[in-house]
Amino acid sequence: MAALKMTISCFLFLQVIYCLLSSFAPTNVQGLKVGFYDKACPKAELIVKKSVFEAVKNDRTIAAPLLRMFFHDCFVRGCEGSVLLELKNKKDEKNSIPNLTLRGFEIIDNVKAALEKECPGIVSCSDVLALVARDAMVALNGPSWEVETGRRDGLVTNITEALLNLPSPFNNISSLITQFQSKGLDKKDLVVLSGGHTIGNGHCPQITNRLYNFTGKGDSDPNLDTEYAVKLRGKCKPTDTTTALEMDPGSFKTFDESYFKLVSQRRGLFQSDAALLDNQETKSYVLKSLNSDGSTFFKDFGVSMVKMGRIGVLTGQVGEVRKKCRMVN
C-alpha cells in the first residue's frame, strides 16, 4: 500500500511539473507552427528569402508594399490570401479603394512559381505573404522573427470587406483601438504595427483634408506641426491625386524607430499617426521608443507581426492550397 501511495504521489508530482512547464512553453495557434514545411518542403523558406532579397536589392522601395500587403490581407477575412484573388467582375479586394495602391503582386507570383516547381501543392499563398513580409524587413536590415506557417488559402474575396475592415489613415484613436481589438490586437500592437510607417510612401489624397479643410473652414489640422504643414502644402495641391510622399522623410527606405520621433514632433503624415498621441497608453509607447536604440521596437514588431499573422487563419482541411495565388483551384 505504501508503495502504491508513493507511486501515485510521484505521478501527481510529475503531472504538476508537466503542467507548469507547459504553461511556459510557446504555444501554436490554430494549427500554426514554426517550421511547418520542414519535412514536406524543406527548402521553402530559403526559396522565399532568396526571391525577396533579390527583389529588394533591385528596388528597396518594394519592401514597404510587401509588408503592407500582408497587413491588408490579415485585416480582411484573416490571413488567408484573399487580397491576392482576382475576379472577372473586378469585385475583389484588390479593387477596393484602400488596396488600389498595393503593389508587388508579381513578386508573390514569382515566389509561388518557384515553390510550385520545388514542391507542387504544398506551400499556401497565405504563408507566402507571411514569409515575404518578414524577409522584406530583414532585407532592409530591419527586424526578424520566426514566422508561424501552416495557413491554408481562402476561397472568397469581396470588394466591400476591405473598406469595412481596414483601418483608415483618417481614423481617430478610438476607432483605431476598436478595430485592432476586434482582430485580437491590443493598444501596444496598434502602436508597434503603426511603426511600419517608418518605411514607404503615402499619397496626397490621404492628407489633403488635414492640409486644407480639416474642420470644414479651410484650415489645417491643429495637431500637425505648422512648419511641416507648410512643406506638405508645397508638395500637395488640393486637387493632387498622384504625388507620393515619404512617410518618414529622409529615412523611408530604412526600417528604424525614427517614425516615433516624427509622431512625437507632430509630424506623422496621417491623421491616424497623430492619433497615437491622443491616448495615454499609446502615447507612452511612442515616447518610450524614442529612448531606445531600436532594439525594443524591433523585438516588439516581431511579436506583433506574429500575433497579426494568427488572425482568422484557415488550417487543417479548411480552405485549400492554391496552385496560383490570383485564382482558386
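Keep in mind that glycine also has a Cβ here, set from the backbone N, Cα and C atoms.
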Note: Swiss-Prot has Asp248, Ser251, Asp256 binding Ca(2+) 2, and from Thr198, Thr208, Thr296, Thr315 that site also includes Thr198
According to Swiss-Prot, the cysteine among Cys41, Cys74 that forms a disulfide bond with Cys79 is Cys74
One finds that other Cβ atoms within 10 Å of the Cβ of Ser82 (Ca(2+) 1 binding site) number exactly 26
Taking only the CA atoms, the spacing between His197 (heme b binding site) and Cys79 (disulfide bond), expressed in whole angstrom, is 20
Between the C-alpha atoms of Cys325 (disulfide bond) and Asp73 (Ca(2+) 1 binding site), the distance in angstrom, to the nearest integer, is 13
Same-chain, non-site residues whose Cβ lies within 8 A of the Asp73, Val76, Gly78, Glu80, Ser82 Cβ center for Ca(2+) 1 are Cys74, Phe75, Arg77, Cys79, Gly81, Val83, Glu93, Ser126, Gly154, Gly312
Long-range Cβ list for Asn213 (N-linked glycosylation site), cut-off under 8 Å, min separation 6+ in sequence, same chain only, gives Asp219
One of the recorded positions Cys41, Asn158, Cys236, Asp248 has its Cα closest to the Cα of Cys74 (disulfide bond), namely Asn158
